[in-house]
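Copied over from TrEMBL, here are the features:
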type	residues	note
DOMAIN	22-141	domain 'Poly A polymerase head'
BINDING	GLY27, ARG30, ARG111, ASP154, ARG157, ARG160, ARG163	CTP binding site
BINDING	GLY27, ARG30, ARG111, ASP154, ARG157, ARG160, ARG163	ATP binding site
BINDING	ASP40, ASP42	Mg(2+) binding site
DOMAIN	169-223	domain 'tRNA nucleotidyltransferase/poly(A) polymerase RNA and SrmB- binding'
DOMAIN	253-392	domain 'CCA-adding enzyme C-terminal'
Amino acid sequence: MKPPFKDALPILERLEQEGFQAYFVGGAVRDSLLNRPIDDVDIATSATPKQVQELFQKTIPIGIEHGTILVRYNNQSFEVTTFRTESDYQDFRHPETVEFVKDIELDLSRRDFTMNAIAMDRNGKCIDPYLGQTHIREKRIETVRDADERFCEDPLRMMRALRFVSQIGFQLGLSAEEAIIRNQHLLRNIAVERIAAEMEKLWKGSYIHQALSILIKTEIGRSLPIFKDHDSLIEACLNRISTPFHSLPEAITCMHLLHQEVSIDEWCKLWKLSKSVKNRCHQLTRVYHYYQHQGLKPETLYQLTPDMIPEFVHLVLILDAHSSLSIGEVEHDYKLLPIKNRDELAINGHEILALLPDEKPGPWLRTFIERIEKQVINGSLPNDKQQIKEWVKKWNRQEKS
């Protein structure tokens, strides 16, 4: 048994010692079967939330109305959830009725996809009533039971299906694909923040090109902000994008540069993205425009930060099919810059004002510092305080004469 499961095994053992059923479930089981890295290990049990709380010393009732208790064990956290069935999804997300049950197969029946509806006991034996292992071997994403029902319960599952295509490269089963075409309009009822979270994972998936093909085929774009009003955008993405993005800001910047009718601010407003995402998009757009106008000159490199380099290079390779730019090349040239940011400049605004007693603080000072920066990064002026002071004095004499 793999280490993440071993860490949680004492919880299963304790539950079973008290006469309850307990299994590993969800993404951890799926990823184990796919030989992918395992994140959080979740446990399903026949014990009620109250019984779970009584059995373990450190618990947090994070979702007790749905049967979920967080159990703290050996400085780790594990979600332990009572077997349950759900019905009457009132807001396309939350079930109106939750009923605790004693049968693991009933619990598995409420899950979205067959590969996520596999339980594993303490010995590694799988309970798989919906043929999830078969579908994993066939590299196919299928819903548990009726696809229309699953997508109507929570339409975000349609985006999750595409996200899984992008992450693991599976095909979408025919019944799931046809159900998405019939139900994609229901995504308009889903909070855009939830859709954006799935889109971010889709953009970062190794099989993004495959996912974009299905995005077009299923017409999901007709129910997504911006895409619904710009039909050609997804086609443009499909024609240019074949490798994963590093981040959501990089993906949004690429969308903007491919289709400049939609501004960065509009993207971030309609997708309800954070200010930090918007700022990063503007940074990437600025450095790309510098590169367009003057290539990989010091002024272009100066717009970067080290963590932006992979994103910048990827954007260039997507948007310029003839480019052979590499991360190594940019990193090498970036390291040669005399300064990487304004904080490294050998002089500051106060010191400049001290050299120019007739001048008062104002917007001119920022422009003047930018002029000094430009001289330094281009190698025309050493980043030495005394030499910069002499340059400022010389400039002042020339201005007065």
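Placement of Cβ uses the backbone N, Cα and C atoms for every residue, glycine included.
A quick note: this is a predicted structure, and the numbers were derived from the prediction, not measured.
Feature annotations (TrEMBL) mapped to structure.
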| residue | record | DSSP class |
| --- | --- | --- |
| GLY27 | CTP binding site | helix |
| ASP40 | Mg(2+) binding site | coil |
| ARG111 | CTP binding site | coil |
| ASP154 | CTP binding site | coil |
| ARG160 | CTP binding site | helix |
The domain 'CCA-adding enzyme C-terminal' (253-392): DSSP-derived helix, strand, coil residue counts: 94 helix, 0 strand, 46 coil
Which of ASP40, ASP42, ASP154, all binding-site residues, has a Cβ with the fewest other Cβ atoms inside 10 Å: ASP40
Cβ neighbours of ARG157 (CTP binding site) where a neighbour is any other Cβ within 10 Å: 22
Cβ packing number for ARG160 (CTP binding site), 10 Å threshold: 19
Integer Å distance between the CA atoms belonging to ASP42 (Mg(2+) binding site) and ARG163 (CTP binding site): 21
Same-chain residues at least 6 apart in sequence whose Cβ lies under 8 Å from ARG30 (CTP binding site): MET115, ASN116, ILE118, GLY132, ILE136
Neighbour tally for GLY27 (CTP binding site), based on other Cβ positions within 10 Å of its Cβ: 16
Cα-to-Cα gap, ARG157 (CTP binding site) vs ASP40 (Mg(2+) binding site), nearest whole Å: 20
ASP40 (Mg(2+) binding site): nearby binding-site residues from GLY27, ARG111, ASP154, ARG160, Cα cut-off 10 Å: GLY27
C-alpha spacing of ASP42 (Mg(2+) binding site) relative to GLY27 (CTP binding site), in angstrom: 8
Confidence summary for the domain 'CCA-adding enzyme C-terminal' (253-392), mean pLDDT rounded: 97
